[in-house]
Amino acid sequence: MKALVIRSAVVASLGGLIFGFDTAVISGAEKQIQELFQLSDAMLGFTVTTALIGTIIGALVTGRPADRFGRKKVLYLIGLLYVVGALGSALAGSVEALMLFRFIGGLGVGASSVCAPIYTAEVSPPAHRGRLVGLVQFNIVLGILAAYAANAIIRAIDDGPDAWRWMLGVMAVPAALFLVLLATVPETPRWLAAHGRIDEARSTSERLCTTPEEADVQMAEIEESLAAEAGTRGVKFFTRGHRKVIMLAVAIAFFNQMSGINAILYYAPRVMEDAGASSNAAYLMSIAVGVVNLVATMAALTVIDKLGRRRLMLIGSVGYLFSLGFLAAVMFLYDGAYDGTSAILILVGLAVFIASHAFGQGAVIWVFISEIFPNRIRGRGQALGSFTHWMWAAIVTFAFPPIVGALGGGVAFSIFFVVMILQLVWVIRVMPETKGVPLEEMEAALDIDDAAAAKGH
């Protein structure tokens with residue numbers, strides 16, 4: 001595997017690092033924001049959710065620009081959105097301005113969740129695609145850990161009323177680096193070939209592949225795939241022929257968020273404080289959770305192309321059930337009368353939950369969605385999966401504080417537990433294995449009705 005392939009995957013996945021940072025950094029700022037702007041629990045939930053509304057829209061609209069203008073140009077736009085969102089949030093003088101710039105940053109997160117996995121999948125050889133696309137998830141969790149660490153450091157240096165501004169603004173630094181590094185990587189051969197730039201596609205393929213023969217094979221597969229799609233230009237997305245892959249993408253995205261992962265990432269310090277930890281201890285516990293997340297993700301990326309996507313999902317699903325059941329039981333048992341012991345028990349439960357997510361859903365979702373769609377609709381398919389993911393993230397994030405406030409944490413975690421039972425059944429009975437299958441052959445491997453898809457039925 002050539003260094004350019006690795007560099008291209010790493011640079012694209014840096015968008016994932018900023019994605020993860022943006023996801024988790026609000027956890028350290030939300031209490032100060034609530035106090036400064038005197039927000040109710042419901043209004044706080046909405047303020048946090050504005051970034052997710054941007055994420056939903058970014059995920060929904062990115063597929064077509066990525067297909068039309070190129071993966072790399074869209075990645076440049078994502079970097080700009082990150083920079084503007086971070087600096088604007090840091091300088092916001094009102095909650096309305098804060099929501100606007102968090103929304104802009106959210107557009108970048110949603111677009112990144114669509115474009116970065118597509119780009120990485122299209123520059124990666126099939127034998128290494130799972131690990132390379134998985135770098136996006138690795139950088140997401142690295143960004144989450146970096147956000148928790150940055151929050152703790154900023155809080156230790158300056159616990160004043162403007163600490164939250166530094167927490168939200170520091171993201172502009174990796175975003176600017178992302179923009180600079182994008183200049184060092186190529187557009188994908190598949191996109192170039194799809195737009196008639198065959199010579200550029202062949203040249204790029206030769207730069208990415210280890211041997212001329214490998215480049216010839218890759219170009220032959222791309223050209224064969226494009227020839228098969230020639231009669232399907234303008235093909236409709238929502239057709240009977242595409243129904244299977246659409247349902248697979250929607251299902252894995254729905255289950256991902258109904259595990260409760262984003263609610264926990266957004267409100268981790270608050271959950272631990274409510275469970276009996278001191279404020280400083282809660283921030284340090286968040287870092288511990290971030291470390292577990294990173295280690296479990298690294299472990300998953302070393303085996304995803306050996307064990308496969310489905311087996312990792314099975315392991316993660318079982319871990320979800322143990323950890324969510326444990327967390328719900330602890331919260332029902334203590335019933336609000338938390339102490340030091342309960343804080344430790346909650347930390348253990350959250351650590352097992354995060355490890356289960358990172359090894360299963362976290363490592364698999366973006367790889368799986370980037371693989372299953374035919375080339376002709378991959379951009380729109382990735383957009384649909386990301387849209388579903390972020391729509392449910394917004395719903396869960398908005399609903400979590402009021403549900404916990406009104407019914408208690410035990411009820412919230414019990415809801416997540418029940419949905420994860422359904423995920424386990426789905427993985428066992430429905431989810432296909434996609435490891436090692438060339439993207440051009442995925443349609444046949446998944447038994448997609450391409451005739452119906454081509455006719456728009």
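For all residues, glycine too, the Cβ spot is worked out from N, Cα and C.
Curation plays no part in TrEMBL annotations; they are all automatic predictions.
These numbers come from a predicted model, not from an experiment.
As annotated by TrEMBL, domain 'Major facilitator superfamily (MFS) profile' applies to 8-435.
Here TrEMBL flags 43-62 (among others) as transmembrane segment. Counting same-chain residues at least six beyond the ends of the transmembrane segment (43-62), those with a Cβ under 8 angstroms from any Cβ of the stretch are 22, 26, 30, 33-34, 37, 74, 81, 95, 98-100, 102-115, 262, 266, 379, 383, 386-387, 389-391, 393-394, 397-402.
What TrEMBL lists as transmembrane segment is 74-93 (among others).
Annotation comment: TrEMBL describes 99-120 (among others) as transmembrane segment.
Long-range contacts of the transmembrane segment (132-154) within the same chain, counting only residues at least 6 positions beyond its ends with a Cβ under 8 Å from a Cβ of the stretch, are 5-6, 9-10, 12-25, 27-29, 116-117, 120-121, 123-124, 163, 166-167, 170, 174, 265, 268-269, 283-284, 286-287, 289-291, 293-294, 297-298, 300-301, 304, 358, 362-363, 365-367, 370-371. Annotation source TrEMBL lists transmembrane segment at 132-154 (among others).
Within its own chain, the transmembrane segment (166-185) is flanked in space by residues 4, 7-8, 11-12, 14-15, 17-18, 21-22, 25-26, 28-29, 72, 75-76, 78-80, 82-83, 85-87, 89-91, 105, 143, 147, 150-151, 154, 158, which lie at least six positions past its ends and keep a Cβ under 8 Å from the stretch. The transmembrane segment annotation in TrEMBL covers 166-185 (among others).
Per TrEMBL, the feature transmembrane segment maps to 245-269 (among others). Under 8 Å from some Cβ of the transmembrane segment (245-269) lie the Cβ atoms of residues 23-24, 26-28, 30-31, 48, 52, 144, 148, 151, 237-238, 279, 282-283, 285-286, 289, 320, 324, 350, 353-354, 357, 361-362, 364-365, 368-369, 372-374, 381, 384-386, 388-389, 392-393, 395-397, 400-401, 412-413, 416, 419-420, 422-423, 426, 430-432, 446, 448, all in the same chain and six or more residues away from its ends.
Distant neighbours of the transmembrane segment (281-301): 24, 27-28, 130-131, 134-135, 137-138, 141-142, 144-145, 147-149, 151-152, 155, 268-270, 272-273, 312, 343, 347, 350-351, 354-360, 362-364; these residues of the same chain sit at least 6 beyond its ends, with a Cβ under 8 Å from one of its Cβ atoms. The feature transmembrane segment is assigned by TrEMBL to 281-301 (among others).
According to TrEMBL, the feature transmembrane segment maps to 313-334 (among others).
Under the heading transmembrane segment, TrEMBL lists 340-369 (among others).
What TrEMBL records for 381-400 (among others) is transmembrane segment.
Per TrEMBL, the feature transmembrane segment maps to 406-428 (among others). If you look at the transmembrane segment (406-428), the same-chain residues 6 or more away from its ends with a CB under 8 A from one of its CBs are 251, 255, 258-260, 263, 271, 274, 310, 313-314, 317-318, 320-321, 324-325, 327-329, 331-332, 335-336, 400.
With respect to Cβ pairs under 8 Å, the transmembrane segment (340-369) is most closely packed against 313-334, considering the stretches 74-93, 99-120, 313-334, 381-400.
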